[in-house]
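Engineer: One structure, as structure tokens, below. Some questions next.
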Amino acid sequence: MESEQLFHRGYYRNSYNSITSASSDEELLDGAGVIMDFQTSEDDNLLDGDTAVGTHYTMTNGGSINSSTHLLDLLDEPIPGVGTYDDFHTIDWVREKCKDRERHRRINSKKKESAWEMTKSLYDAWSGWLVVTLTGLASGALAGLIDIAADWMTDLKEGICLSALWYNHEQCCWGSNETTFEERDKCPQWKTWAELIIGQAEGPGSYIMNYIMYIFWALSFAFLAVSLVKVFAPYACGSGIPEIKTILSGFIIRGYLGKWTLMIKTITLVLAVASGLSLGKEGPLVHVACCCGNIFSYLFPKYSTNEAKKREVLSAASAAGVSVAFGAPIGGVLFSLEEVSYYFPLKTLWRSFFAALVAAFVLRSINPFGNSRLVLFYVEYHTPWYLFELFPFILLGVFGGLWGAFFIRANIAWCRRRKSTRFGKYPVLEVIIVAAITAVIAFPNPYTRLNTSELIKELFTDCGPLESSSLCDYRNDMNASKIVDDIPDRPAGVGVYSAIWQLCLALIFKIIMTVFTFGIKVPSGLFIPSMAIGAIAGRIVGIAVEQLAYYHHDWFIFKEWCEVGADCITPGLYAMVGAAACLGGVTRMTVSLVVIVFELTGGLEYIVPLMAAVMTSKWVGDAFGREGIYEAHIRLNGYPFLDAKEEFTHTTLAADVMRPRRNDPPLAVLTQDNMTVDDIENMINETSYNGFPVIMSKESQRLVGFALRRDLTIAIESARKKQEGIVGSSRVCFAQHTPSLPAESPRPLKLRSILDMSPFTVTDHTPMEIVVDIFRKLGLRQCLVTHNGIVLGIITKKNILEHLEQLKQHVDPLTPPWHYNKKRYPPSYGPDGKPRPRFNNVQLNLVDEEREETEEEVHLLNSTTL
């Protein structure tokens, strides 16, 4: 009799090799390649997929924290493959923790035996600090390389430095003696493409030629980026943060943090940023840093053999990634804690802090921006903020929340449409189209033509006597001898009004293009585009408030602070607050975002306005939906992620969710001492379940333990090879003592060593709120449901995700859903290992013992309300 599958089976796609050999671009580039869609009838549903019989799967056993039986302790020798995980499976946090504790005890017990053992003990103790040091060094170096290369290639779209080809525009003119103050970006050494090709520096011909070359380079960079991703590293596309969050929660995605992904993402990130697409490099830098942490963790056995310990390194690596992305070491640690990490013990906090420190130090040593700062847009404001400004700051927070809610819904809708239509099968064409539209529209507007980081820098910068931007084109009657700090508010000039119109057009352009750009198959971050949108809106609001205060300084709200000739409004501050509000609205970050913004701008005095705007944007965004953009993409891609921020407020019980349900076939179970090797092998071949509860007998049904499918297969194969007398009729014994057998009986096979003697159990009346908390906080894969010690069923992570999805869709969780009934057909593969034919989603050529059960299931399916 079949029972409900215990664990996720749909993730398996023959690992990375099947992705690289996919027949379509969508299969090739879509990462896991699946969507958690509970309204589809395809068999490769992520949380409810069929599995080829005979395929070995690794799953986690719900071992107790106080378990006295360890998997490897009772084996004569370790069996290769035991304790590892297959692709697209979730690790067992409790099991990994027990393994690490046992390893630590073993090392401590031997360290006094010899000097060599003491040295090994010290090496093990310091390996955590060594791996985060290497991760910080590599992250800082790669970030500096990416920054330098991206700046050079961005300027390559406009021209080239003849005196030194490796100089960007700014560096090319540093040593020139012919640069004027008004035209500081023009020097004889720097040549535009129009000057090189047609010999004209001004005029319509020059403009058209520069326009054509700008589009040509943008398309070339975008095409090269998507081609490299497609051919060499499909996982290098996107931001990477949704997948990092899922991996840190315990999910296995082989190759996502590998060396090929690291190399291709580093190269294509430079190309994507240089192409002028509405994306940033900050999110992908977190992915790059985590790749470094994953690669270096394999140098240390403490981390290479334990998936839970490896995730501590990845948490520290994500902090280092944000540290070099924004020049914010403290913000990076808080980002790792608040946004991405699933398990964050105190020692991981210290190591994350150290990794962020090392990465920031390396980046500061490289000095990629030439300003002795970690970020390009470091600013310092000299004017304090006033109480009446809280109102426009809160308005910017409202705008940020509305923008975040709109972006999440629009982007998810577009990404879902991309996956469900033919357009998604041509990612290269999509990237080319988006890049072409972006380049054609961006070039005429000087604010969209700028690199996004340069745009944010200009919007953040306060106007002083040394600024020549049109944003600072005020009617100036001040004495030239006055210092910067004393510049009063002034009436706006023609250049300011012209800049406002251009910024309004840039705002509309950025909003639309960011929706369609985030999610295309090139490395694409969301931090910088969101900050740019907020900075544009904030600068416009700042100028409006500044002019209002200048012309109406006698109003009661301005009268106390904004006297004639006083400098009371700083438009750059509004840009900073708007940037934080928009980024908070999209990601729903709070504490870490405020710290990041004041670190990257140096605006320590302006924490209160930042907090007010960020909190307002979160409240407004949460009114439309509590999911941030990363959680929305996790759900779209169907990753098995239980969000700790999501509250469970329903009153269902464990008996309502467990499998099997009423009128379902009973659980497939093993007995502790009256099954043969053939019986177990037949059960493994005829089912696709990843594990089986072990009971005392069919009559008592009392729980003894839990055995994994993979461990059973490996143990039986190993016993046939290494132990004499093990045949198909050999009795399999999970008990401590072998029962008495007739003298002519073959040698019994003892498998107690692979049995988890203390699986997690709950009673059938346990509230699901408690069960969900147990799964979240302990990282369980499954939990057995008992009544007075008798096994009734099982709850898996898949069951909980399905249950939460049903509750969101207001479906009665007690009604068997269609995807549950669908999977109760016989396996897609017969006992001979060959796929069974299908007709109208019903398998044909059933063996006799399956036919009667299947007719009942078809009746159940027909009676289910969809």
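Keep in mind that glycine also has a Cβ here, set from the backbone N, Cα and C atoms.
What TrEMBL says about a protein is an automatic prediction, not a curated fact.
What TrEMBL records for this protein is below:
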{"type": "DOMAIN", "residues": "658-722", "note": "domain 'CBS'"}
{"type": "DOMAIN", "residues": "755-813", "note": "domain 'CBS'"}
{"type": "TRANSMEM", "residues": "126-150", "note": "transmembrane segment"}
{"type": "TRANSMEM", "residues": "214-236", "note": "transmembrane segment"}
{"type": "TRANSMEM", "residues": "256-277", "note": "transmembrane segment"}
{"type": "TRANSMEM", "residues": "284-301", "note": "transmembrane segment"}
{"type": "TRANSMEM", "residues": "313-337", "note": "transmembrane segment"}
{"type": "TRANSMEM", "residues": "386-408", "note": "transmembrane segment"}
{"type": "TRANSMEM", "residues": "428-447", "note": "transmembrane segment"}
{"type": "TRANSMEM", "residues": "499-520", "note": "transmembrane segment"}
{"type": "TRANSMEM", "residues": "532-553", "note": "transmembrane segment"}
{"type": "TRANSMEM", "residues": "573-598", "note": "transmembrane segment"}
Engineer: What are the DSSP helix/strand/coil residue counts across the domain 'CBS' (658-722)?
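Structural biologist: Grouping H, G, I as helix and E, B as strand yields 24 helix, 17 strand, 24 coil.
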Engineer: Could you count the residues of the domain 'CBS' (755-813) that DSSP puts in helix, in strand and in coil?
Structural biologist: 23 helix, 19 strand, 17 coil
Engineer: Can you name the far-off residues of the same chain, 6+ from the ends of the transmembrane segment (386-408), with a Cβ under 8 Å from a Cβ of it?
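Structural biologist: Same-chain contacts beyond the flanks: 511, 514-515, 530, 533-534, 537-538, 541-542, 545, 557-558, 561, 568-569, 574, 577-578, 580-588, 609, 612-625, 627-629, 632.
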Engineer: Quick check: do the transmembrane segment (126-150) and the transmembrane segment (532-553) share at least 3 Cβ pairs under 8 Å, counting only pairs 6+ apart in sequence?
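Structural biologist: Answer no: the transmembrane segment (126-150) and the transmembrane segment (532-553) share fewer than 3 Cβ pairs below 8 Å.
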Engineer: Counting only residues 6 or more past its boundaries, what in the same chain has a CB within less than 8 Å of a CB in the transmembrane segment (532-553)?
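Structural biologist: Distant Cβ neighbours of the transmembrane segment (532-553) are 389, 392, 395-396, 399-400, 403, 447, 452, 455-456, 459-460, 471, 489-492, 496, 500, 503-504, 506-507, 510-511, 514, 559, 562-564, 568-583.
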Engineer: Most CB pairs under 8 Å with the transmembrane segment (428-447): which of 256-277, 284-301, 573-598?
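Structural biologist: That would be 256-277.
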Engineer: With Cβ-Cβ distances below 8 Å as the criterion, list the same-chain residues six or more beyond the ends of the transmembrane segment (214-236) that contact it, or say none.
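Structural biologist: Residues packing against the transmembrane segment (214-236) from afar: 19-20, 25, 28-31, 153, 156-158, 243, 253, 255-256, 258, 260-261, 263-265, 267-268, 271-272, 274-277, 427-428, 431-432, 434-436, 438-440, 443, 449, 520-523.
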